[in-house]
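Taking it in order: structure first as structure tokens, then the write-up.
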Protein chains: 2
Amino acid sequence: MSVTAAAGFDAAGVAAGIKRTGALDLALVVNRGPLTHAAAVFTSNRSQANPILWSKQIIADGRVDAIVLNSGGANCFTGSEGFQVTHRTAEAAATALGISAGDVLVCSTGLIGEQLNPEVLEEGVLSAVDRLAATVDAGLSAARAIMTTDSAPKTVIVEGGGAHESGGERKGKGERDEGKRVSRDAGAAATSSTFTRDQTTGWRIGGMAKGAGMLAPGLATMLVVLTTDAVVSASDLDAALRAATRVSFDRLDSDGCMSTNDQVTLLASGASGIAPAAADFTAALTSACRDLAQQLQTDAEGASHDITIEVRGAATEDDAVEVGRAVARNNLFKAAIFGNDPNWGRVLAAIGTTRAPFDPYLVDVSMNGVRLCHAGAPDAPREAVDLTPRATHLLIELHAGEASAMIWTNDLTHDYVHENSAYAS
Amino acid sequence: MSVTAAAGFDAAGVAAGIKRTGALDLALVVNRGPLTHAAAVFTSNRSQANPILWSKQIIADGRVDAIVLNSGGANCFTGSEGFQVTHRTAEAAATALGISAGDVLVCSTGLIGEQLNPEVLEEGVLSAVDRLAATVDAGLSAARAIMTTDSAPKTVIVEGGGAHESGGERKGKGERDEGKRVSRDAGAAATSSTFTRDQTTGWRIGGMAKGAGMLAPGLATMLVVLTTDAVVSASDLDAALRAATRVSFDRLDSDGCMSTNDQVTLLASGASGIAPAAADFTAALTSACRDLAQQLQTDAEGASHDITIEVRGAATEDDAVEVGRAVARNNLFKAAIFGNDPNWGRVLAAIGTTRAPFDPYLVDVSMNGVRLCHAGAPDAPREAVDLTPRATHLLIELHAGEASAMIWTNDLTHDYVHENSAYAS
């Protein structure tokens, strides 16, 4: 039920006609309060889409009543005409909802450099307002409406108490390695029925995400909306969101390409009447973000391996992240994994491009539990590694300190090239 | 005739048995003097192969009598045993030639993390010494012996007077866009017969190169040997080589991956007896390096487009290079070009990841002469661009200053993925 899992939120997803296919392409999420606190983080790309420019202004006061999201066009590099389209979209929602356009965020995703038709968006917004509901279906429709090349909607629910459910409708692209998952709160196994609103005894976080390519730090081509009925101030929401995204979406680096449209938004209604401790809220939010990040990784365009790069023994966490990213962006390594080739030399060549302190003759490299390189020299034979499972674990031990980090990426495949060479057509 | 085009140099290429295929795999170039001045530049990767560690010590005094190069194995991350292999290779050449091992450079290329058999290398060196000659064929055999996934040997000859010949045996992979080439000295069109030694009236530079992947700055997976019979001091050779590589090999960024084994070596025999002006020598050397760099680009693994990224109007040259590299490393842009899709939005998204000063609403982007984006908004329709030719020209006008730079890269293709997923097999 995604964003409607938390009390106080209505949602809708409609086919506004932006996509030629007639698929759902416009989502609306409305915070019915009593609180309308909000926080957001944005792409660090300096080429920013019009909805990013708009939303950065809107979020400044920490109040958001509604958010409109469209797929089918990024509204980026569309000049002042494009900014007007974003503005008109927010105005349409505000008028229909009886709120201020200054409290309406807008997100867009799709091809850069194409004008969106403002009338189509306005009509879509009106249609979405008509269908607003707090139901499971409404939340799922919203999650579907933001999809581009995603193969399935991505949703998550985290109970303040610890239970956790993710992506009920996700299509399996292969086995998930639950043993390697980072988040998963401890607690009772959650089922859908656990999360009907009547049974709520605490507070919740619900969320939806889209993104299946251009997944790189400073976010990714991702749009994420997280909702909570916890009582949290706007400034605490901001702190929690920055802490959570730093170790989740910002550790996802599918293809090294940073988008112009990324936005992660967190809305708080306070409808549960419960004010959790900041640490508890941040932990639950981090769990939700990690879950969505891993759904994005699993659905990355054309990927045949989900690669967890674990860097241990770095001098600092920043060093560990830099090393992990360098490997995650190495096309030769990624192509080798596609071919089930445990080519650890390419890992070391990538590490050598970083500024992280390390001695090439102390480094160990393991894949899927087999140590292939010890102290900078060959160790186990390549044949000992089985790279046929989709879940791939690369462990780099730098022996330069005590810090560690994980980066999630994918392999470089024929399908990646195909999907991205045909995207605009 | 490659490295033997300059007077004073002998060369050989033999099948030592390092490659299982029986192909040529060991090259030797000997400087017969009267001078034995030399300079070299090395990969900036901090993971460096044993031959790099060796050669950096040897070049320190500016004297080199001979250089041994092998394909079939990188001798990188092979521990102290691997360093001994390099040492023994140099000793074998020194003993056979009656020189000091301290004046013998070694280069290796191939897979990382596999030990080379020192006896095989030693026998190969002896065989190469037996076949040393100053002939066209000897130079060509040396150029062939350093090939890995190269489809053809890469050679160049530049006359001090201005004539220029490149890659006589190169296989055409498509049309070369001569109009866009940077170097090509002015002067009479050169033919092979122009370059027989008897007709020499001045000084020359000859060269050979290998490299067909991992082409990125701080060199690339490239081994290059340049020879000259000009009279130039070791320190002047060093200055000229750094100036030439900075605007040639360092501007080639095929796949963003930096190798552990790259080395560009320049040897001067002084046999012409002519001491050119430093500016003339540097210009000729730059011409030779650019020619070889473009041969490397044209032969990049799996590529179907040779992309020249021209950045104009940058605040500084460094900014222009950073912008060009960011685009050259953007997989989404590269996949789009493979699909003949002029997706200029991906260019702007890549520019936005740099630190270069620019205003997204002033940028112009053109492909193959058609301006697709003007002042940050759509200009000509995508359909107006023909991306079917192999030679692709991307022009980025930042309107942030007066500096410019060119970066050469390739598209991201199915064949790139295939070749690099199957490399080790």
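Yeah, the Cβs are placed from backbone N, Cα and C, and that goes for glycine too.
Record features, source TrEMBL:
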type	residues	note
ACT_SITE	B:THR221	active site, nucleophile
BINDING	B:THR148, B:LYS210, B:THR221, B:GLU301, B:ASN420, B:SER425	substrate binding site
COMPBIAS	B:166-184	compositional bias 'Basic and acidic residues'
REGION	B:159-195	region 'Disordered'
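Local packing around the binding-site residues B:THR148, B:ASN420 was summarised as the count of other Cβ atoms within 10 Å of each Cβ; on this measure the leading residue is B:ASN420. Sequence-distant neighbours of B:LYS210 (substrate binding site) (same chain, six or more apart, CB under 8 Å from its CB) are B:SER71, B:THR109, B:ALA143, B:ILE146, B:MET147, B:THR148, B:ASP150, B:PRO153, B:LYS154, B:MET222, B:LEU223, B:VAL224, listed in sequence order. The DSSP secondary structure for B:ASN420 (substrate binding site) is helix. A 10 Å cutoff on Cβ-Cβ distances gives B:GLU301 (substrate binding site) a total of 27 other Cβ atoms nearby, all chains included. In sequence order there is nothing to list: of B:THR148, B:LYS210, B:GLU301, none of the binding-site residues comes within a CB distance under 8 A of chain A. Annotation note: B:LYS210 (substrate binding site) sits in a strand segment as assigned by DSSP.
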